[in-house]
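For reference, the structure is listed below as structure tokens.
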Amino acid sequence: MVLPQICARRGGKAYRYLAAFLTQQRAYASAAAEKDLVVIGGGPGGYVAAIKAGQLGLSVACVEGRGALGGTCLNVGCIPSKALLNSSHKYAEAKSHFAGYGIKVGDLSYDFSAIQKQKDTTVAGLTKGIEGLFKKNKVDYVKGWGKLVSGTEVEVAGLDGTTTRLKAKNILLATGSEVTPLPGVPIDEEKIVSSTGALALKSVPKELVVIGAGYIGLEMGSVYQRLGAKVGVVEFLDTIVPSMDSEVRRAFHRTLEKQGLRFKMNTKVTKGEVVGGRVKLTLESSKGGAVESMECDVCLVAIGRRPYTQGLGLEQLGIKKDARGRVEVDSNFRTNIPTVYAIGDIIKGPMLAHKAEEDGVAAVAYVGLTEDEAKAKGLDYKTGKFSFMANSRARAVGDTDGMVKIIAEKGTDKLLGMHIMGPNAGEMIHEGVLALEYGASAEDIARTCHGHPTLSEAVKEAALATAFGKPIHM
Ligand SMILES: Cc1cc2nc3c(=O)[nH]c(=O)nc-3n(C[C@H](O)[C@H](O)[C@H](O)COP(=O)(O)OP(=O)(O)OC[C@H]3O[C@@H](n4cnc5c(N)ncnc54)[C@H](O)[C@@H]3O)c2cc1C
Ligand SMILES: NC(=O)c1ccc[n+]([C@@H]2O[C@H](COP(=O)([O-])OP(=O)(O)OC[C@H]3O[C@@H](n4cnc5c(N)ncnc54)[C@H](O)[C@@H]3O)[C@@H](O)[C@H]2O)c1
């Protein structure tokens, strides 16, 4: 009764103030009450866990400090990089391939700020969408930086300047990762950039040097090469993307070179500085000796990522980390403090949004063992391959670079790994994921009817090659 009386006495403005005050009090009250679960970090690890907990009927809060949900992946990772890859791919297609299909486009150009805007709109739509999902699943979104005070308490330095404490039966750490810095090459996010700066450049550089031929370097290098930049890649090792199957990796390397990327292998950058608006780099052979220099407009440092646990209070609580700074967990994701759990990039395993090897570097995807791993484990294995050059759909759409490679156990024919380099690899790999999950054999895949004409027929053909030694169409 109080609220309508005050409203009647003082008019609509007071009502609005009071309603806002009560909403705030309710938020404080719900924050102060003990939650079943408090999640620190709103990336793909944390936000999915929070939603699932909400769906299971638990009371849950998710603390996120960057001002938007979705973590690295949605804000400065998977999603913006794929948006730029898509735009640059469409432009490159129009430039180099449309004429071959009889399509005339006249003077082709692009508006880079519009490309960036499209990327930003995509990101904003998705991150806002997660806020909606939080509401739907009754997850409290607490905006601020969280710090463990005990195994059941989190202190939040709110983005609005307030400090609050959340009590929880259980706490889940999902604070993700950050760029690994390269000593001597300080990142300013304008001239010497990390992936975050590379995703937000205001214009396409004339010359880009990428340090590190891993996922990020090759994705961003491809984007800017397609948009007209001269791209050089400096890699410490003698191979690109070291975790990939070596045969697939070699084919991928050749494809990237064909597209125009230039590689300097077995080389490390020891110094980088901005002089007169240009980036000057000092290079050395990774095997020692031979100092040389290189110049470019923008340099991307992409030598890996490391777990982000800064300011989280792990040390005070004695939460164990390994030598690489990753939080140690048991098979139930529990740390050495029984009420504190950890998931995602801060624990061991691949730093991938869903810890499943999905959509790889623009067009590479894999699941299970590489041939090199099968060999190292001493397994008795066999392989089968099929090139997209011999796949009718790939021929029809003019996207014939790449292959499907399958690795299976020799005696049982059981699938051990699948590797796809080529068009739509990130979508097609799920056939391999499912096959591995259910312990399928290469013959199972080979005997399964695949629609025609589809890129997926290359998977069936590679399975035929693995199970019976021969594909049909090659
Ligand atoms: C350029 C790029 C491209 C990528 N592309 C792919 C891809 O195509 N496919 C793929 O699978 N993976 C990709 N990844 C990797 C993927 O982004 C990560 O593996 C994934 O985001 C990890 O999820 P996470 O939830 O563990 O951590 P994150 O996504 O890093 O989320 C952690 C969140 O926690 C917040 N946080 C940290 N500390 C605190 C604190 N104390 N309090 C409150 N909040 C905190 C951070 O602000 C962050 O938002 C890419 C990464 C990059 C950088
Ligand atoms: N499509 C995807 O799945 C995707 C895309 C982007 C990022 N990611 C994730 O993000 C993580 C980080 O990506 P990344 O590309 O930064 O790391 P990465 O580990 O994939 O590659 C880093 C590369 O840098 C090289 N390197 C290291 N130190 C060097 C030095 N001093 N000089 C020259 N080269 C050096 C390494 O040998 C390696 O080849 C990946 O591990 C991956 O899990 C995934």
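Glycine too: its Cβ is placed from the backbone N, Cα and C atoms.
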Where TrEMBL shows G212, A213, G214, Y215, I216, G217, L218, E219, G304 binding NAD(+), which of E190, E235, E284 is named for the same site?
E235
Taking ligand 1 as the reference, state which of the recorded positions C73, C78, T175, M351, H452 have a Cβ closer than 6 Å to one of its atoms.
C73, C78, T175, M351
Are there recorded positions among T175, A353, H452 that sit within 10 Å of C73 (disulfide bond), Cα to Cα? If so, list them; otherwise say none.
A353
Using a 10 Å radius around each Cβ and all protein chains in view, which of these recorded positions has the most neighbours: K82, H452?
K82
Rounded to an integer, what is the Cα-Cα distance in Å between K82 (FAD binding site) and H452 (active site, proton acceptor)?
28
Cα-Cα distance linking A353 (FAD binding site) and C78 (disulfide bond), given in Å to the nearest integer:
8
So which of the recorded positions C73, C78, T175, M351, A353, H452 sit close to ligand 2, that is, with a CB under 6 Å from an atom of it?
M351
Within the predicted model, mean pLDDT of the domain 'Pyridine nucleotide-disulphide oxidoreductase dimerisation' (364-463):
93
At the Cα level, what's the spacing in Å between T175 (FAD binding site) and H452 (active site, proton acceptor), rounded?
44
